[in-house]
Amino acid sequence: MRNMGFIDQVKDLQKKNKDLKMSSIHMNGTPYGVIGFESLVDFSATWKMIETLIQNEEIPVQETNVHAEQSTWKKMRSTEQFKTLYEGKVIIWNPTKEVSLIVDPVSRPLYRSIDAPVNESIIYGARDAFTESLQQNIGLLRSKYKSKELEVLSTSHGQRNRKFSFIVLKGTTNEKMVQKIKKKIDEFPNEIKQVKDVHVALGFSKFDLVTRVSSTELPENAMEYIEQGKVVFFMDGYPFGLVLFNTVFDIFKQPSDSNYLSVFVYALYALRIVGIMLSLLLPGLYVALITINPEMLKIQLALSITESRQFVPYPAFIEIMFMLLLIELITEAAVRLPLSISNTIGIVGGIILGQAIVEASLVSGVLIIVIAATTIANGIIVNFENGITLRLMKYFIVIFSALFGILGHVISLLILCSYIARITNFGVPYVRWKKEGIQSENQ
């Protein structure tokens, strides 16, 4: 195929791709080839532009009223031309001179329109959300920050030619850090298909317990992250902005909190911290106090719990693991099932199943209260990825508590704290106390 002419290569490609269109048009006695994918290009809306470009072949494109990807007709390698085809461009081919012009056509509307967010709730703030279109997402940010200080760097990667765009705010974003991230993506040898691959491309382990790359579907939140000095970038076809670098405060703080008065904000922070503590510590405390250290409970409370568990046929550790896993199954089912029946799953799992389990003496009534409080508290945590992290940490604490009681509970907390304290993202500590914009220690 290397020795074939360009048109022959196009015809060969057309045999395997029925959506590849190759049309002929005669102007000034010269035949021209117009090549593009019908699945990507609206030819009926683009044709007038193509005719104008051909009629003005001798005039530089920048002097006409139409837009082309390149300003002059020129010779290009076949690989370059095919790459532009896959990007949704149209090639006008002059077989006489063997030169081509790359046209930025009217594209087919392949992406959904801007809509309200689905995964992040808003009380105060704009109700627009990112989409799968890279340019649309960048446009949403430009509408929030109308200044020349906002700049966009782009790159593409792999056989899919997947595009990435990095948002830079002059004077705030660490541009050396952006270039370092961009370089890591460019040099990554494997195909980047999902966010997990981005995580690996940036040098993070795929088995990290704490997520290093978070996401948001809200342009307002993304803009706030950028103004904090974080790096926000987009992956074409992914309807979220990806955010580096996470800190421990992102577990209970979110950008939209700035819409409230300060007293309300700090009250929300306090409430979320309490929720995080309940979600993380309550199941482990239940196991430790019931199994190993019941003497630490007040006698009335100890007798009440013992009475509620007198017909439960297995230890507290098995009891709580059974309920925690059941709640995980209900949560996962509610997420995966269609919206029309996901609420029914919550009612069946939370009320009917919970009551039946207690009446059958499979678990105690006190444990139902503990599980309910833990599940509700987990919903307070900001960002879905952070919620999953704390849910996994909870099992680690429960296992240590079942083995060593209160001592194991404390030891597991110390292990988790030491693990979190040593986490860094490109030199930026996960646990950091500075209020100014994030800057790399490796700068």
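Cβ atoms here come from the backbone N, Cα and C positions, even for glycine.
TrEMBL: automatically predicted annotations, no manual curation.
What TrEMBL annotates here:
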TRANSMEM  231-252  transmembrane segment
TRANSMEM  264-292  transmembrane segment
TRANSMEM  312-330  transmembrane segment
TRANSMEM  337-357  transmembrane segment
TRANSMEM  363-384  transmembrane segment
TRANSMEM  396-421  transmembrane segment
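Here the transmembrane segment (231-252) has long-range neighbours at 129-132, 134, 137-138, 162-167, 173-174, 177-178, 181, 192, 195, 198, 202, 210-217, 219, 221-222, 225, 269, 272-273, 276, 380-383, 386, 390, 420, 425-426, 428-432, 438, meaning same-chain residues at least 6 beyond its ends whose C-beta is under 8 angstroms from one of its own.
When the stretches 264-292, 312-330, 363-384, 396-421 are ranked by Cβ pairs under 8 Å to the transmembrane segment (337-357), first place goes to 312-330. Within the same chain, residues 209-210, 248, 280-281, 283-285, 287-289, 291-293, 296, 315-317, 320-321, 324, 430-431 sit at least 6 positions outside the transmembrane segment (396-421) and bring their C-beta atoms closer than 8 Å to a C-beta of that stretch. Here the transmembrane segment (264-292) has Cβ contacts under 8 Å with residues 251-253, 257-258, 305, 309, 315-317, 320, 324, 366-367, 370-371, 373-374, 376-382, 390-391, 393-394, 397-398, 400-402, 404-406, 408-409, 412-413 of the same chain, all six or more residues outside its ends.
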